[in-house]
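Per TrEMBL, the features are as follows:
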DOMAIN    43-385  domain 'Ammonium transporter AmtB-like'
TRANSMEM  46-65  transmembrane segment
TRANSMEM  77-97  transmembrane segment
TRANSMEM  109-128  transmembrane segment
TRANSMEM  204-222  transmembrane segment
TRANSMEM  228-249  transmembrane segment
TRANSMEM  281-300  transmembrane segment
TRANSMEM  321-340  transmembrane segment
TRANSMEM  360-383  transmembrane segment
Amino acid sequence: MPSRYPSFRCSVPCLILLLQALFLSRAFFAFPGAPVSYFPPNLYPAFQDVNHMVIFGFGFFLMVLRRYGFSSTGFNFLLVVLGVQCSFLVEDLLKLLRIQHNEFGMQSLVRAVVSMTAVVISTGAVLGKANPVQLIVMTLVELIIFHVSRWINSTFLEVPENLTFMHVHLFGAYFGLAVTSCFPEPPPGLDKNRSTPKSELFSVLGTVFVWVFWPSFNSILLESRWEAALSTCLALAVSAVAAFMLSALTSKDGKFRMAHIHSAVLAGGVTISYTAKIIQYPWIAMILGLLGSVISILGSHCLQRCFNPPLKLQDTSGVHFTFGLPAVLGAVAAVPLRVVREINQWSDLSSLGYLTFFEIGAICQTISTALITGLITGLILNIKLLKAVHVSKYFDDQFYWEVSFQMISD
């Protein structure tokens, strides 16, 4: 009996083969002036932490749907390995156009893996609705736009290069929300977009992995990593404690809700990412971790009940209140902290106005670029050529994977 689901036998392999041939050509005919740089041995453990976080942690973090486990982990792995190579290519193009100067080698690999976090976060917003071809196209477009946005922040708004990479949470969340708003809403009777105790358990396992390795993520691009790692650990610890406390307080029966733990325990790491390098007192990191958890849990209540229905947002994994709102909080908190730092260092106080303007401008530029380009990308993804999935086939592994009937019944 023929399958009820259309085949991607030609489109997906051909697209992957085309991209891989392009990446291989890039490696073989490398652009001139890009010698392989030395990779410091002490950087490798931190790189492995970030690698585990992006591939394993986020792969299981996205396993929130009862019949979309294979696709959540499998597509995440596929997008990461393709996106890292694409990020290499984008940096080479920026260097070729004399827009950006980079050394070639393992340092570029670190930046590529960090950049892929934006794509992984955006994938959580469109989870279950986009097919592999659409996800690959979204990855390519988002990486190019993210690097351009990062270049604008560093060139015109004088944001330090390492801090421009920390905008991945802000950019990824709002780019994904803009993309998912262009997809049709699933029918009201569709029950595949819900979780089960088993899927929530795997998802929290991914959350724990991301939580453990987040200090390495926030500090890997810094020269002095210990201060940033310490601040991140404190913020994560407080946000986790606050998540359990607020979960019990906001539940009707006073019990913990796994959805709150799944999102709010990471809010501290997102919030502190912009300020981990400049925090001088541990209590500041702890307060930011607390506020990140508060805005994550309270924001989930307000967004899901008040804003998502009229805006027709189907945020499958809750990336808005897990990454978007804490990222906005951290970016805004960075402005007064940097101003205070400049005052304490007795710098040129006349430049504080420009510093504040540039900081706020970088936030607005990142969000607006993500929203505008995300809307355009969402419209492109829904053209007929990319074989958009019918709404009745959302959130279903059978559309792409060989699955047993026992897994379907579970």
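Note that Cβ sites are derived from N, Cα and C of the backbone, with glycine treated the same way.
If one looks beyond the transmembrane segment (204-222) by at least 6 residues along the same chain, the residues whose Cβ comes under 8 Å of a Cβ in the stretch are 43, 45-47, 49-50, 52-53, 56-63, 110-111, 114, 117, 162, 165-166, 228-233, 236, 240, 258, 261-262, 265-266, 269, 272-273, 276-277. Against the transmembrane segment (46-65), stretch 109-128 has more CB pairs under 8 A than any other of 77-97, 109-128, 281-300, 321-340, 360-383.
Through the fold, the transmembrane segment (228-249) approaches residues 211, 214-216, 218-219, 222, 255-257, 260-261, 264-269, 271-273, 275-277, 279, 282, 285-290, 292-294, 296-298 of its own chain, all at least 6 residues removed from its boundaries and within a Cβ separation under 8 Å. Put simply, of 77-97, 109-128, 281-300, 360-383, the stretch with the most CB pairs closer than 8 A to the transmembrane segment (321-340) is 281-300. As a whole-number mean, the pLDDT of the domain 'Ammonium transporter AmtB-like' (43-385) in this prediction is 88. Same-chain neighbours of the transmembrane segment (360-383): 122, 130, 134, 137-138, 141-142, 145, 148-149, 152-153, 157, 159, 167, 170-183, 328, 331-332, 335, counting only residues six or more beyond its ends whose CB sits under 8 Å from a CB of the stretch.
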